[in-house]
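These come from TrEMBL:
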- CYS84, CYS86, CYS102, CYS105: Zn(2+) binding site (BINDING)
- ASP504, ASP506, ASP508: Mg(2+) binding site (BINDING)
- 277-558: domain 'RNA polymerase N-terminal' (DOMAIN)
Amino acid sequence: MFDRNKYKFFSYFYFMIDQYKHKQLQIGLVSPQQIKAWAKKILPNGEVVGEVTRPSTFHYKTDKPEKDGLFCERIFGPIKSGICACGNSRASVAENEDERFCQKCGVEFVDSRIRRYQMGYIKLACPVTHVWYLKGLPSYIANLLDKPLKKLEGLVYGDFSFARPSAKKPTFLRLRGLFEDEISSCNHSISPFFSTPGFATFRNREIATGAGAIREQLADLDLRIIIENSLVEWKELEDDGYSGDEWEDRKRRIRKVFLIRRMQLAKHFIQTNVEPEWMVLCLLPVLPPELRPIVYRSGDKVVTSDINELYKRVIRRNNNLAYLLKRSELAPADLVMCQEKLVQEAVDTLLDSGSRGQPTRDGHNKVYKSLSDVIEGKEGRFRETLLGKRVDYSGRSVIVVGPSLSLHQCGLPLEIAIKLFQLFVIRDLITKRATSNVRIAKRKIWEKEPIVWEILQEVMRGHPVLLNRAPTLHRLGVQAFQPTLVEGRTICLHPLVCKGFNADFDGDQMAVHLPLSLEAQTEARLLMFSHMNLLSPAIGDPICVPTQDMLIGLYVLTIGNRRGICANRYNSCGNFQNQKVNYNNNNYYKYTKDKEPHFSSSYDALGAYRQKRISLNSPLWLQWKLDQRIIGSREVPIEVQYESFGTYHEIYAHYLIVGNRKKEIRSIYIRTTLGHISFYREIEEAIQGFSRAYSYTI
């Protein structure tokens with residue numbers, strides 16, 4: 001989803017293309033002068049166009065855009081290239097400046113694609129706060145003014161008024177809704193005062209309400225003084241330390257965090273040369289008409305963008321307010337204030353439909369899609385149009401576990417692999433003279449001839465692929481793997497890489513992409529291979545760790561008795577009944593019901609398991625290499641057994657030592673289970689596979 005907190009410092013965006021065709025997208029607050037410059041046009045007769053003053057779109061009889069409306073051709077450009085509203089046509093580039101415009105309708109003779117980026121503006125009859133900066137968390141306006149958000153909202157929506165600081169001390173202060181009893185008790189003396197002819201002048205001079213009051217306070221701010229005062233207050237709170245009162249200490253911590261945010265915000269405004277009063281709108285930009293189209297369908301059906309309906313509401317309410325302000329002597333103050341509130345709410349709905357709780361709906365109970373809804377979300381302008389482009393040489397499928405794969409491998413279904421590597425297979429088929437042209441090569445691929453799979457495996461052997469699981473929250477969301485062909489229609493993935501993708505095997509899907517250029521393949525091999533990303537880039541902890549289903553398997557493998565020989569002295573481990581292991585050339589020690597078997601190698605233990613002589617969790621003794629850690633251990637043996645030939649067995653909790661009559665150590669056995677042996681073998685093979693892959697990349 002579009003992170004509004006991250007981009008809240010930005011309102012509108014525009015493309016800039018320089019003479020070298022370098023494209024860049026700049027997002028930021030803009031001044032009213034810049035908004036006006038985007039839309040301003042000066043006709044040859046001196047008339048200035050660009051302001052949208054009418055809520056109409058197309059004429060119902062002629063189906064032509066209304067003048068000064070939301071689709072006006074004078075403001076946004078012609079619908080048909082080089083043809084004005086009158087039907088006249090001129091060259092798109094004329095030597096005389098006057099010939100670029102129609103003398104009758106004032107439409108410029110340019111390409112119709114100008115309607116995709118030519119903007120207009122609405123001159124608001126009263127200042128309006130930008131809802132992102134007022135109601136966002138944290139509220140930037142409340143942060144700069146150091147005032148509670150509730151009070152600022154009450155001021156914006158006309159619940160109370162501020163006194164203008166025309167002198168050092170305010171001369172008048174009126175709070176709506178707070179002194180109703182007092183006002184009703186002395187109504188006979190207040191009414192004549194409000195009805196005096198000079199009250200309107202007095203009100204405009206002394207009382208400020210709505211967004212205009214906030215704009216004046218923001219304009220009076222000195223950002224450098226804010227930083228200095230906030231820093232002084234923060235140091236005072238830091239020097240005070242803890243008082244012992246939990247509530248007071250909590251308030252002090254909250255205040256310190258607030259001061260830090262306020263200093264950072266003021267610093268950003270200074271660095272970007274942005275004025276705080278720009279967060280209050282006087283001019284409202286109007287999007288180009290091609291970005292909010294009206295489509296006519298068969299049967300006189302009209303499909304229009306919700307943005308048009310929201311713009312219409314703003315223009316209607318703004319025109320009503322302008323009419324009341326022209327007749328301010330006759331219009332009641334409460335009526336004007338109510339109309340200002342309606343304009344504020346209309347602009348809020350246009351920018352963010354759900355900012356005031358329940359989103360605005362049309363007559364069919366359908367929620368209007370505001371500008372914020374167009375930008376944010378999975379289907380928004382950024383994620384779907386700019387970032388979420390569909391690409392060739394890619395596929396998508398469900399992931400399943402591939403326990404037989406190495407850490408750097410993934411299993412690709414035949415159907416996906418042949419689609420991804422089709423061009424490479426066709427090239428090799430023609431190079432090896434297996435086919436004469438592309439058409440025959442495609443037929444061989446369609447018929448799935450054996451030579452196709454041989455060439456496909458050769459092509460895949462040295463070509464990595466990229467796997468991605470949405471959402472890509474960090475760089476480990478895209479990793480490179482060496483593909484191998486597998487049966488079925490699912491992508492096989494090593495379970496150890498699941499944590500980096502935040503994936504599991506309950507139906508998750510992953511996308512596979514094929515890097516084509518040598519630079520992309522080199523980057524994939526050196527930086528993006530899964531065995532190159534074993535640690536978390538954020539905190540440095542291991543990222544390739546067992547998770548989810550692997551933990552169950554590891555538990556089953558290592559569930560054997562872990563308390564040593566003392567807890568299981570007489571074979572209570574659940575071996576198969578009446579099983580024997582023959583003693584032959586010191587490969588096995590004789591196993592009876594009250595003696596655990598001895599094996600000289602892990603292969604012998606696996607062979608006994610396949611013959612059902614032992615179970616997966618049966619304790620056994622496995623001959624181990626002479627380990628100095630065991631030989632030099634100071635652990636006291638639990639039992640020492642001597643035989644008639646002079647040999648002896650020193651039995652410890654987890655290992656035993658076999659020695660001869662000369663006190664020389666002949667062999668060491670460790671007490672383990674077949675599950676532990678299997679787990680150890682898998683780790684050893686994984687390490688060897690990693691070493692081979694690493695040497696291959698070097």
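Quick reminder: no glycine exception, Cβ is built from N, Cα and C everywhere.
Because TrEMBL annotations are produced automatically, they should be read as predictions rather than curated entries.
Between the listed binding-site residues, namely CYS86, CYS102, CYS105, the fewest other CB atoms within 10 angstroms of a CB are found at CYS86. Compute the center of the Cβ atoms of ASP504, ASP506, ASP508, which mark the site for Mg(2+); besides them, the chain residues with Cβ within 8 Å of that center are ILE399, ALA503, PHE505, GLY507. Taking each of the binding-site residues ASP504, ASP506 in turn and counting other Cβ atoms within 10 Å of its Cβ gives the largest count for ASP504. Neighbour counts of Cβ atoms within 10 Å were taken for the binding-site residues CYS84, ASP508; the minimum is at ASP508.
For ASP506 (Mg(2+) binding site), the nearest of the binding-site residues by C-alpha distance turns out to be CYS84; the candidates were CYS84, CYS86, CYS102, CYS105.
Summary of the Zn(2+) site environment: with the site residues CYS84, CYS86, CYS102, CYS105 set aside, the chain residues having Cβ atoms within 8 Å of the Cβ mean position are GLU73, ALA85, GLY87, ASN88, GLN103, LYS104, GLY106, VAL107. Spacing of CYS102 (Zn(2+) binding site) relative to ASP508 (Mg(2+) binding site) is 60 Å (Cα to Cα, whole number).
Under DSSP, ASP508 (Mg(2+) binding site) is assigned to coil, being neither helix nor strand in the three-state scheme.
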